[in-house]
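For reference, the structure is listed below as structure tokens.
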Amino acid sequence: MTTRIAFAEQTIPAWKRAVLKIGSSLLAGDGGLSPRHAVHLAAFVHACRAQGREVVIVSSGAVAAGRAMLHAAPRPGAAMAERQALAALGQAKLMAFWQGLFAQPVAQVLLTHDDVRNRRRYLNARATLQELLRCGALPIVNENDTVSVDELKLGDNDTLGAIVAALIDADVLFIATDIDGLYDRDPRANVDARPMQTVVAPGDDILAMAGGAGSAVGTGGMRTKILAAQRAGAAGIDTVLFNGTRAAVAHALGEDRLTGTRLVAGRSRIAARKHWLRHAPVEPGAAIVIDAGAAAALTGKGASLLPIGVADARGEFRRGDLVEIVRADAAHAAPVARGVTQYSAADIRRIARRRSQDIESVLGYNYGDTIVHRDDLSLHAANAQEPQDV
Ligand SMILES: Nc1ncnc2c1ncn2[C@@H]1O[C@H](COP(=O)(O)OP(=O)(O)O)[C@@H](O)[C@H]1O
Ligand SMILES: N[C@@H](CCC(=O)OP(=O)(O)O)C(=O)O
């Protein structure tokens, strides 16, 4: 009998914020949700939080939980409406299941494709997740299956994990599954499949190694995990695949020791973000108009843009749009920078030249002290004092 070659242990870089995606294959037992593997994953999350690290869970399992409530068997190819109904039945069970494994409050976050495609909803989802982390809750994300018809569907929770990782600016995406990691061939069909321990910038050759789901409850298989790693990598985020059925593996991971596959992003997070800021289309005709003092603060001090240095807003744009930042004095006509605005044009006209502390009293609400945060801002080449990527 041939024994499959085992993965060796490797150290992964220290991280502060992570997404942990947990597949149905780890949660669904014979009679619905089973804590058998989940307890080890909960212990991993607990250990990370005890070290001051932040974790957002992306958990599958609603469909499997709903199915168990109806005592129905898995049906590959079940109609969309059937899966949606099962998810609606099982989602509350899934949250109760996780709450039973954690002392701190868990928070349910359900997302569809629309929530991340639409810039404003994206920002609102991000703000909610950040606030949940700040107040010490444990966010547990799933796809909002009830309303996810084809064009809204993210498709699988591996993709959702990558999207959430980018959304919260995570350092790493952990994907817990029922196999030790990525092999160079589908290990179900090939006993001599070889472990892939570290892959830098996984491309199509790596995708070609990955097959479909391994169980009746899993949906995407290794292929969607590699696609998720590519998506996370485009945002500069590493992905780690590990076997969530093995308590010792989950325990070691809490100490940055990995037995599994590390898929390393081909670019840094800052480079990915700056690249997007520099190349994404801006709102046509829209600009935030700033004074000379603000221009000096942005270009010379690397500061965020505050309302005190804003003179006006040009054109119409909404919170979350990417807009040009220009100087009020006609002698400096070229744009200074571009950035993602936290406030709409209408709001900016009302809070221009005001102190950040006054935003709330002027608008009746506030989205923070800055009009454009430093991280959401890219200086134009003529002003840039930071290296430009391509
Ligand atoms: N090249 C490969 N390396 C590792 N696993 C693979 C590969 N190709 C296909 N698989 C299958 O992918 C399965 C994991 O995906 P899936 O069943 O969707 O689980 P989950 O519910 O955790 O998302 C494994 O059990 C394995 O059978
Ligand atoms: N949203 C679905 C999960 C879909 C999914 O991608 O499942 P899996 O392949 O097990 O991660 C559910 O909660 O059942």
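The backbone N, Cα and C atoms fix where each Cβ goes, and this holds for glycine too.
A helical conformation is recorded for M222 (ATP binding site) in the three-state DSSP classification. The ATP binding site feature in TrEMBL is assigned to K21, T177, D178, T219, G220, G221, M222, R223, T224, K225.
Under the DSSP three-state reduction, D145 (substrate binding site) is assigned to helix. Here D145 (substrate binding site) comes close to A62, V63, R83, Q84, A87, A88, Q91: these same-chain residues lie at least six apart in sequence, with C-beta atoms under 8 angstroms from its C-beta. For S60, D145, N157, the entry in TrEMBL reads substrate binding site.
Per TrEMBL, domain 'PUA' is recorded for 286-372.
Each of the binding-site residues N157, T224 was scored by how many other Cβ atoms lie within 10 Å of its Cβ, and the smallest score goes to T224. For the binding site of substrate, formed by S60, D145, N157 according to the record, the largest Cα to Cα distance is 11 Å, rounded to a whole number. Residues near K21 (ATP binding site) in space but far in sequence (CB under 8 A, at least 6 apart, same chain), listed by position: I57, V58, S59, S60, N157, D158, L160, G161, L173, F174, I175, A176, A228. Helix first, then strand, then coil: DSSP counts for the domain 'PUA' (286-372) stand at 28 helix, 21 strand, 38 coil. Checking the binding-site residues K21, D145, N157, D178, M222, T224 against ligand 2 with a 6 Å cutoff on the Cβ atom leaves D145, N157, in sequence order. The binding-site residues near ligand 1, defined by a Cβ under 6 Å from one of its atoms, do not include any of K21, D145, N157, T224. Mean pLDDT, taken over the domain 'PUA' (286-372), works out to 94 on the 0 to 100 scale.
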